[in-house]
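See below for the structure under consideration.
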Amino acid sequence: MLTVTLLDAHLARCSSARHLLQIHAQFVASGLLADAFAASRLILFTTSTRLLPLPFHHSLRLLHVVHRPNAFSCNMVLKAAREHGLPHLCLPLYASMSAAPDCYTHTILAAACATRRAIEEGRQVHCHAVRHGFGRNLYLANALMSMYSACGCLGDARKVFDAGPVWDAVSWNTILAAYVQAEDVDQAVGVFARMPERGAAAVSSMVSLFGRRGMVDEARKVFDGVERKDVFTWTAMISCFQRNGKFAEALALFSDMRGEGWPVDEAVMVCVVAACARLEVTRNGEMCHGLAFRAGLGSRLNVQNALIHMYSSFLNVVAARRLFDSGQCLDQFSWNSMIAGYLKNGSVKDAKELFTVMPDKDNVSWTTMISGCVQNDQSSEALTIFNNMQAQGIKPDEVTLVSVISACTNMSSLEQGKSMHEYIREHQYTITVILGTSLIDMYMKCGCLESALEVFDTMEERGTPCWNAVIVGLAMNGLVMKSLDMFSEMESSSTATPNEITFTGVLSACRHAGLVEEGQHFFKLMQHKYHIIPNIRHYGCMVDLLGRAGYVKEAENLIESMPMSPDVPAWGALLGSCWKHGDNEVGERVGRKLVNLDPHHDGFHTMLSNIYASEGMWQHVKDLRGSMKQWHVPKIPGSSVVESSLPL
DNA sequence: TTAGGGTTAG
């Protein structure tokens, strides 16, 4: 005869599916089906055991044969349904419950609605709970807040919070997480400040939020302020560095974390591998790969995906493909990363092959193919793929549209560009900074200034990139003064700050128009007012500007003062100016340097030999000719005269 | 029995 005590004893010793089925049979045979408490013991065991392949189905069958199951039994089965990927079965199950729900039931149901993002059913659960008198239950309130936040109904989550009883740490963390998820920095900061205690969970949330919004210093401050860090806090901070381009800092912090004896888990490994990928230091990456293996994380899907991405960015598609092929079960990340890897390596054909056999192509897969084609000079193919994507009913997002527009820009196809703009209007996409910038860029490159400015004028939010697109675009189209006017307007706007690209635009505008004084003004302005260190392009512009205007010595001084080694175009521009303005002294120095720097560039040989010729240094001319691959007729002004006067 | 935080692809 099986009793509850005996049943418990059996279950405690149960170690195989066969044994469990025997207990089950005995349970039915002994009539314990009528004992709700005994049934709940067995159901609890079946929902939490790993002995059965389908624990949920087993517990559900049990529930159906038990005579009068209690609320506890039902709760356990509901919980099992949610945890085993069947949350949609929870509400039907609840509707068929014979037992009266208890204070835990609606909590589980709310959680199930949260996983399904089922707001309407979630509200019904809320009503039912109130009707049953559990409206002020703390656990239920926490679950409801979490449900509303998962469904994007922040206002409702806040209402529950404001109406709430006394809150515990979970409540505070839940409402904080709601604002973090919505990326509402102001509200999150407000909640964080009001929290009675700021534990590791809250800190992780805040660090991750700041990280996503590019507020690295704020994240660091919060991170440094917490005494009891855990793996989550460390991961959040490492991820913050990683996603904001501070890869070396991410690796250094990871090293600190390990120095303090923290174990390495899957998530932190993924972040660190991603940092290695972006840092593009092969040795670091291989060390991380080794570490992941030693930590027993080598076969974790997410780690493998991060490694596929890493080896792709090291241009080692073979290693990436080996990982891809060795994966037991691949997900979207694996496929999309591998396809992106081929495209980054210029293997459009391999990418296409993989893309064709990929089972479920999502919008990232399509966008990867589109932007990959654009990057590999196959813009027209990119448009074809975009059409196929629409035919498949996949909705393009902002990144997709930007890629397609850049395909139009590359092809200088105003017609296609316009129809993309039309598509954006028709489907009522918000013209964000990134989308607006790509439209302005497209219109500018197609010479359609009016449309470019129209997009700019109608934009609600004007960040730095769209100002840059206008300033650079106007300069490119020869509207130099208008471009400089826009720069002044940008300076007085509150939503944008000039950056490196802005000054590339204004300096090249000055260069096109030969505005030496203005150019020098901007070159100083960028350094003194905006603390921007000029890059090689800025220097190149200034050298060319000064040289063309005849300030050859000043140009030479500037090129000599550059903190980086000047590139061939900069030296070449100066040499051209020397020749044009007949400054043979500087010209000879520069010419010699260039001929050494780029021995295969016949144009430089020609120019230098012209300079020697005009000085009557014929031996030098002969020596130079001897080192040239072939003699080109010089393409510079006056050169034919020099050519014909050579005494051969 | 119930609730909260970190992760990778375009």
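Any Cβ shown, glycine's included, is placed from N, Cα and C.
Annotated repeat 'PPR' per TrEMBL: A:168-202 (among others), in sequence order. According to DSSP, the secondary structure content of the repeat 'PPR' (A:168-202) in residues is 26 helix, 0 strand, 9 coil.
The feature repeat 'PPR' is assigned by TrEMBL to A:230-264 (among others). Same-chain neighbours of the repeat 'PPR' (A:230-264): 200-201, 203-205, 207-208, 210-212, 214, 216, 219-220, 223, 271-272, 274-276, 278-279, 284, 291-292, 295, 297, counting only residues six or more beyond its ends whose CB sits under 8 Å from a CB of the stretch.
Over the repeat 'PPR' (A:331-361), the average per-residue pLDDT in this prediction is 95. TrEMBL lists A:331-361 (among others) with the feature repeat 'PPR'.
Each residue of the repeat 'PPR' (A:362-396) gets a DSSP state, and the totals for helix, strand and coil are 26 helix, 0 strand, 9 coil. Look at TrEMBL and you will find A:362-396 (among others) tagged as repeat 'PPR'.
As annotated by TrEMBL, repeat 'PPR' applies to A:432-466 (among others).
Counted with DSSP, the repeat 'PPR' (A:230-264) comes out as 26 helix, 0 strand, 9 coil.
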